[in-house]
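Q: This is the structure I want to talk about, given as C-alpha cells.
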Amino acid sequence: FLDLQLNATEGNVSGPSVGNTSSPCEDMGIEVEVFLTLGLISLLENILVIGAIARNKNLHVPMYFFVCSLAVADMLVSLSNSWETITIYLIANKHLVLSDTSVRHLDNVFDSMICISLVASMCSLLAVAVDRYVTIFYALRYQHLMTGRRCGAIIAGIWALCTGCGPVFIVYYESTYVVVCLVAMFLTMLLLMASLYAHMFLQARAHVRRIAALPGYRSARQRTSMKGAVTLAMLLGVFIVCWAPFFLHLILMISCPQNLYCSCFMSHFNMYLILIMCNSVIDPLIYAFRSQEK
C-alpha cells in the first residue's frame with residue numbers, strides 16, 4: 001500500500017505516500033512535521049489512557065480492557081506512520097543508506113503495522129460493542145458471561161488474529177482477493193457493529209422498564225451502561241470517518257485504477273494517512289470528555 005522506496009529515491013520527504021506515479025493529479029504534499037506531531041500527540045494521549053486505566057482499579061472491567069486494546073492499536077498506527085516518515089527523511093537526505101532489498105523489507109514492516117492496527121481496531125471496537133450489548137440486555141448475567149479470564153482470552157485472540165493477518169495482507173497485497181477480503185472484513189464488522197448499536201438504542205428503554213422493577217436493580221448502573229454504549233458509538237463514528245477514505249482508496253485501486261477521477265482520488269493518499277492518525281488522536285479525547293459527563 002505504501003511505497004517507502006519510491007518516496008526515498010525521489011527525494012519526497014513530505015510524508016509517506018502510495019506508489020501511484022501514473023496519476024494525472026498533483027499529489028497533496030504534507031510536511032514531515034505534521035506526521036511527526038500527530039504521531040507524538042497520539043502516542044502521549046494513548047499512553048495516558050492506558051496508564052489511567054491501569055492505575056484506577058474501578059476501571060479494571062472488560063469494557064476498559066477492550067479500550068486499552070484499542071488504545072494500543074491507535075499507538076501502533078501512529079508509531080508506524082511516524083517511523084516511516086523519519087525513515088523516508090533519513091534516506092532521502094543520505095543520512096541512512098540501505099539496499100533496495102532492505103528498504104522493501106522495511107516498507108513491508110511499516111505496512112504490516114498499519115494493517116495490524118486496522119484489524120486490531122476493528123476487532124476491539126466489535127468486542128466493546130458486544131460487551132455493551134451484553135451489559136444492557138443481560139445485565140443480571142453479565143458478571144458470569146464476561147469474566148476477566150474470558151476477556152483476556154478475547155483480547156489475546158484479537159491480537160493473534162491481527163498479527164497473523166497483517167503480514168499476509170501486505171505480502172500478497174497485489175492480489176485482488178486479498179484487497180477484497182480486507183474491504184469485506186471492514187464492511188462486515190461495520191455492519192455487525194451498526195446492527196448491535198441500533199438494536200441497543202431502539203430496545204434499551206423498553207428493556208430497562210421491564211427490569212427496573214426487579215429487586216436490587218439500580219438505575220444508575222443502566223445509565224452507566226448506556227453512557228458506555230453512546231461513547232463507543234461515537235468511537236465507531238470517528239473510526240468510520242477517518243478510515244473510510246483509505247478503504248475507498250483500496251476499492252478504487254482494484255476497480256478503476258486507470259480512471260481519471262479514481263486516479264485523482266488516489267493521489268491524495270497522504271491526506272488519508274493523516275485522517276487515520278487523527279483517529280488515533282481523537283479517540284483519547286472522546287474517552288476524556290465522556291468520562292467527565294455525569
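Counting begins at 1 with the first residue displayed.
Cβ coordinates are placed from backbone N, Cα and C, and glycine is handled just like the others.
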Q: With the domain names in Swiss-Prot as our guide, do LYS57 and ARG132 land on the same side of the membrane?
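A: Both are annotated on one side of the bilayer.
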Q: To the transmembrane segment (107-130), which of 30-53, 66-89, 148-171, 179-203 is linked by the most Cβ pairs under 8 Å?
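A: Ranked by Cβ pairs under 8 Å, first place goes to 66-89.
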Q: Count up the helix, strand and coil residues in the topological domain 'Extracellular' (90-106) according to DSSP, in that order.
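A: Counting residues by DSSP class gives 10 helix, 0 strand, 7 coil.
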